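Listed in TrEMBL:
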- 204: active site, proton donor (ACT_SITE)
- 393: active site, nucleophile (ACT_SITE)
- 57, 158, 203, 334, 440, 447, 448: substrate binding site (BINDING)
Ligand code: BG6
């Protein structure tokens, strides 16, 4: 099964069917002061502009300075798994070129950078003896960011699980891995939160659980029955909760922590009160297995009923950990999974089939729907009563070509960004508490199963020479940041 097809179908496979699901709605979310709202065509003052990458996708240097193996190091070597047979062995050589890359971030005018820590760099076996050279790299990275006036926003887990934990415990199949993750989170928090004020726990449980353990498309590449996948999703929620607690216990006071999740994107098909209400129910129920349980400490009745015998096994004590209060909600928003209409069946919503002709970007899965970044934060703020949402990823691939003049005119990426940012601005102007935006990605990098064949960067990377070249979209984004407005 191709990754593109699978990702497109993810909601259907992993989520809940609309039929038979009902859930009460929760009250309205907090509204920020009018003064914070973006007025007259701009974003609110102090809106945080950033870019994002992740360790395995950019660092390279997989065998240097005592780094242990991750499940991706092993997975990329299985024939047929990576579209162009590339690996992250070298990737962007960011481990060595981080200073040059930080200069690129600075040149955009970004005030923040979202990166992830490679767990096996810090603990080569996942647990046991830490590797001082591992944490040293992140010390250097953080210091260099701060020196350049860029806030470090750190993700603890962006899929590069230590292979040793996979070998010993079956990875996320075991709660041993969750506990060890908590210890690792505490260690990293202790060493870095004197300078890193914002921490994301796990990136996209919604993807790595289903793709890695259900469909076998991502590392570790196993295909387990749905009941086990549901248990692993529960374990990922537990790992999130343990990490929240560890950051609070070992980090500096005031360190903020929250998830960075590819929320299952549900939007009203039409802007009527009935459709909006249906989309709100859908957003909660389609995210019941991860986001809703971590934000509320409960699985919904509808989720448990739907999962039936496949529902995860858990204790009240685990739910308490999972529901540990967070400081913000990080949402990765790219494409719609479900356009929703009201239904008089079951829960009161029905996801519509998506026509084959629906437009998409260079990646087949990346359907173009700018309204997603308006509706999802708006509904999420209401459902989960949060007053701080960050868009932790948004962006697009493009079939970038370097023209004879040495430039990259990625007008399709600019079109995509302009339209999504206009909708995000619309949300902030209405008082939806979105506080910042991290564009995926700073530069082209190793795009998992697509290898180097899909380019998401504002900077083009020649992977032979490692030369970085700004695309036209880098100038576009610089202008957005300078004007603090989407219509740049
Ligand atoms: C997100 C991930 O799912 O989307 C990123 O958090 C990833 O790591 C990005 O690079 C694009 O996804 P893909 O599957 O096209 O590489």
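Note: Cβ is positioned from N, Cα and C throughout, glycine not excepted.
Keep in mind it's a predicted model, so treat the numbers as computed, not measured.
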#### Entry: Candidate nearest residue 393 (active site, nucleophile) in space, where candidates are the recorded positions 204, 334, 440, 447, 448 and distance is Cα-Cα
440
## Note on the structure
binding-site residues near the residue listed as 'active site, proton donor': from 57, 158, 334, 447, 448, Cα within 10 Å gives 158
### Query
Whose Cβ lies within 8 Å of the mean position of the Cβ atoms of 57, 158, 203, 334, 440, 447, 448, the substrate site, other than those residues?
54, 204, 393, 441, 456
### Query
Should residue 448 (substrate binding site) be counted as helix, strand, or coil on the basis of DSSP?
helix
### Task
Show which residues of the chain containing residue 158 (substrate binding site), separated from it by at least 6 in sequence, have their CB under 8 Å from its CB.
54, 55, 56, 57, 116, 203
## Note on the structure
CB contacts under 8 angstroms to residue 440 (substrate binding site), restricted to the same chain and 6+ apart in sequence, sorted by sequence, are 51, 52, 332, 393, 394, 395, 456
